[in-house]
Amino acid sequence: MTPHLPPDLRIALLLAGGNALGAYQAGVYEALHEAGISPDWVVGTSAGAMNGAIIAGNAPADILSRLSDLWRPDRTGAVGAFAWDGMIDSWRRSGEVIATLFGGRRGLFAPLGTALAERDTPALYDTTPLAHTLARLVDFERLNGGRVRYMVQAVALDTGAEVVFDNGRDRITPDHIRASCAMPPAFPPVAIDGELYVDGGLAANLPLDPMLARPGDGPLLCIAVDLLPLAGPRAPTIGGMISRTQDLVFAAQSRRTLTRWQDHYATAPEMAQASVTLVQLRYAEQQDEVAGKALDFSPRSVRGRWDAGLRDARALVAALAEGAISLGGRGLTSTTIAARQEPLAAHSGDMP
């Protein structure tokens, strides 16, 4: 299904952080790719910055294969993945979290204290492997060429300032993306031009501010892909309560930010001519996830999240095709897409 969008409509993707939950965003991109929808602007934080760099830093024909290379089941490097398959799914997921805690994740981070890790680092893991993975999966010449505007958000460790690195102004490197992923104390701060930076999610896990502050001229459709739900079931365990608390902290942060911008667009004269349609996609169906879910990189879990994003974004595409989402109106309008529970067709990418 290919929606007929206004020719002057610009498309922006806002991609939140969430570590292993980021596979959901890859599924969202697959659905957009199926429909022929290509972003003009990508803003990412943490895992969203990784996915966003792949989307903005590759030719459209290569993006799905590169996302699959990052997330696909046969390359996650999870220790003991097959040994857990015969057990109850929650046990399997918890086992994968434990495996990641002790062994890291190949291509992203390794426990400090190994031969490959840097010394005297105030963190539990070394993210040097992520730099190598990004160098392999992202064409940084293309990314910095500006075909797609790309922004990555981080926080200055010493001052707490929110910082946005923009390929329209800055030359983006793997370190800018590592900085956005540097959630302390798990991952070490990253130095850029003498300043230390940490995970952008500490200030804004869903990076709404860079886009809503300066939406540009003409109508803009902004697809915001969040990974942590505001609403959720009661947690019966300590681990579950820790996980639920994390959800609430980050999701409530996003809600407050959006409310602030809605008020600003409604009252600020400089926003009178702005035209922004914000569509929110959320990885909401997390009843099968466990405490520590952001560290579960197991093949089955990755595939489930990818499929959830694919299904939800296909619902978005259908809504656009049916004219259920109004585009081009003045101000800032916001809507949330509820997924249609329909069978998934075969993937257009190389997910097995």
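Every residue gets a Cβ built from N, Cα and C, even glycine.
Residue environment of SER46 (active site, nucleophile) contains 31 other Cβ atoms, counted within 10 Å of its Cβ in all protein chains. Annotated active site, nucleophile per TrEMBL: SER46, in sequence order.
Secondary structure at ASP199 (active site, proton acceptor), taken from DSSP and collapsed to helix, strand or coil, is strand. Annotation source TrEMBL lists active site, proton acceptor at ASP199.
Annotated domain 'PNPLA' per TrEMBL: 13-212, in sequence order.
Remark: secondary structure over the motif 'GXSXG' (44-48) totals 2 helix, 1 strand, 2 coil, with classes taken from DSSP. Residues annotated as motif 'GXSXG' in TrEMBL: 44-48.
Across all of the motif 'GXSXG' (44-48), the predicted model scores a mean pLDDT of 98.
Listed in sequence order, the residues of the same chain lying 6 or more apart from ASP199 (active site, proton acceptor) and placing their CB within less than 8 Å of its CB are GLY17, THR45, SER46, ALA154, VAL155, SER180, CYS181, ALA182, MET183, PRO184, PHE187.
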